[in-house]
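Asker: Before anything else, here's the structure in question.
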Amino acid sequence: MKRTHNCNQLNISNVNQEVTLKGWIKKIRKMGQITFIDLRDFYGITQIVVGENKQELINNLKPEYVISITGKVIERKSKNADIPTGEIEIEVKNIELINKSELTPFVIENDVEVSEETRMSYRYLDLRRQKIQNNMLLRAKVNSIIRKEFEADNFVEVETPYFGKSTPEGARDFLVPSRLNKNTFYALPQSPQLYKQLLMVSGFDKYYQIVRCFRDEDLRNDRQPEFTQLDMEMSFASATEVQDQIEKVIKKIFLEVKGIDFKEKLIKMPFREAIDLYGSDKPDIRFDLKINTLNEIFDKTQIKLFESFKENKLSIRGICVEELLSKKQLEILTETAKQKSFNNLAFAKFENGTWSGSIASSLSDGEKQALIKQFNIKDKATILLNVGKYEKISDMLGAVRNKVAEILNLADPNDYKLLWIIDFPLYEWSDEESRYVAAHNPFTMPNIKSIDDFETNKEDAIADSYDLVLNGFELGSGGVRITDSGIQQRMFEAVGLDDETIEKNFGWFINAYKYGAPNHAGFAFGIDRVIMLLTHSESIRDVIAFPKNSKGIDMMNDAPSYVEDNQLSELSIKTIK
């Protein structure tokens, strides 16, 4: 029979109607001569009651069997306010078995105790859990909001190629061998960067796309080898115009999904300020704990750890926690410092005028008073500090700062703090390649402040780029593009690309800019990460239908896998044993 309703649809107004529902058996409960079945489908749960004279209909039925039931809607005596159908139940007339199920490797419940490996191996069962299905529904809603907002502003959705050209800049490419063109490879896109820029050269005014991207990099909880991003570009636009557009969309997402109305413009924090105060270019500003430079306080110190910091051009930096941290908490924070290549984490505790801690006995009276004034200490505090090169000590204290917030629950999980990080360095030093490389990509316009000497003053060169940050996570990045051939040539030379390499890898791209290009700017943000944060998921894998594990393996189908020799032979490829 045809399904008349879903399992989340019926209520008290449907009493006495004959209905047909279809779904999975969630639970079977016998109470005397009566049996109750919780029937589940994608939409919800409805209770089915099987009377004494109908017990033969449920012989051999088990959880996760798929059935069709027909019966009459009746009012429940014992109501369940936790579900929309909790006022009614179905008095069964007939049950039809659609399909049986083997015993599942775990119970289909939200809070089931099962390893992630098992969940990923049986992802199709894991996806039956309401928690994971809700994540997929929210993801679909966010995608819908994005499309509506961009289309309302006259953006055109254009699909760009998945098979492209490998370039030496950026992360490792996933390569795809070509059978028809022997010994050649396509590269799966790390982003549609070059294609979307060419769309602007082609005369498109506003472009957007929800697109799958691929990066062959080390994985963690918020990374996957394939991921989805919102990609956009605008002709004749400044950085501010792009930021305004993205703000509008992200605020709409929060309003419709979380009911949060961001009325104020997002703050814009320069990169160097973010590093100085928070030790990170993606600061979590839900809590204070700002990093302070303490060089002046310890200018003439007798503390052995700090005594030669000036000669070695090092910085003494620290944070102040308005609590007395325990020995166990300090051990955890010291381990965090060690993960950032610092052997220890100095500390000093203050309580009602008394000092203690690893450096307390060596503090002079002047240093004590200066620390109290610097951190505005009242009754009690723990100061965490160390010495090192400015960038490294800032990075370490940024990690310690976040760990303190985690230990002391300083960050409200339902508080969302969005901000822009601007004025990024144009370059970053690559230890692996022993040269400066483009921090974002070699097509990002230098900031007007750096336009005259960006190829010679690399350490101070600033890019016209920007990141959107939420609660310590980078949501996305964008920038103004280089459209002047002279500036582009200077940029290529600055990152060590010779003419032959430029022509080989980018000739097809830069040639387009010889034919009249508008100034343009764009942005892209990771949809997977946005959904992860909106749902408070611990891992990005919980918001992707069929994810890979931390080793890039699909536990369900065992991809990547070996292929037959004849397949490799067709591609002129041999494997190295």
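Each Cβ is built from the backbone N, Cα and C atoms, and glycine gets one as well.
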Asker: The ATP site in Swiss-Prot lists Arg215, Asp216, Glu217, Glu474, Gly526, Ile527, Asp528, Arg529. Which one of Gln209, Gln224 belongs there according to the record?
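Answerer: My reading of Swiss-Prot gives Gln224 as the candidate in that site.
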Asker: State the residue range annotated as region 'Aspartate' by Swiss-Prot; the candidates are 121-124, 161-164, 193-196, 273-276.
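Answerer: Comparing 121-124, 161-164, 193-196, 273-276 with Swiss-Prot, region 'Aspartate' matches 193-196.
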Asker: Restricting to the same chain and to residues at least six past its boundaries, which positions have a Cβ under 8 Å from a Cβ of the region 'Aspartate' (193-196)?
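Answerer: Non-local partners: 160-161, 164, 207, 209, 231-233, 441, 443, 509, 522.
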Asker: If we check Cα distances from Arg529 (ATP binding site), which of the binding-site residues Arg215, His440, Arg481 wins as closest?
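Answerer: That would be Arg215, the closest of Arg215, His440, Arg481 to Arg529 (ATP binding site).
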Asker: Run through the Cβ atoms and count how many others sit within 10 Å of the one on Arg481 (L-aspartate binding site).
Answerer: 23
Asker: To the nearest whole angstrom, what is the C-alpha distance linking Glu217 (ATP binding site) and His440 (L-aspartate binding site)?
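Answerer: Per the Cα atoms, Glu217 (ATP binding site) and His440 (L-aspartate binding site) stand 16 Å apart.
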Asker: Using Cβ-Cβ distances, find the residues under 8 Å from Arg215 (L-aspartate binding site) that belong to the same chain and are at least 6 apart in sequence, listing them in sequence order.
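Answerer: The list for Arg215 (L-aspartate binding site) reads Ala171, Arg172, Phe174, Gln190, Pro225, Phe227, given in order along the sequence.
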Asker: Taking the Cβ of Arg529 (ATP binding site) as the centre, how many other Cβ atoms fall within a 10 Å radius?
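Answerer: If we count other Cβ atoms within 10 Å of Arg529 (ATP binding site), we arrive at 22.
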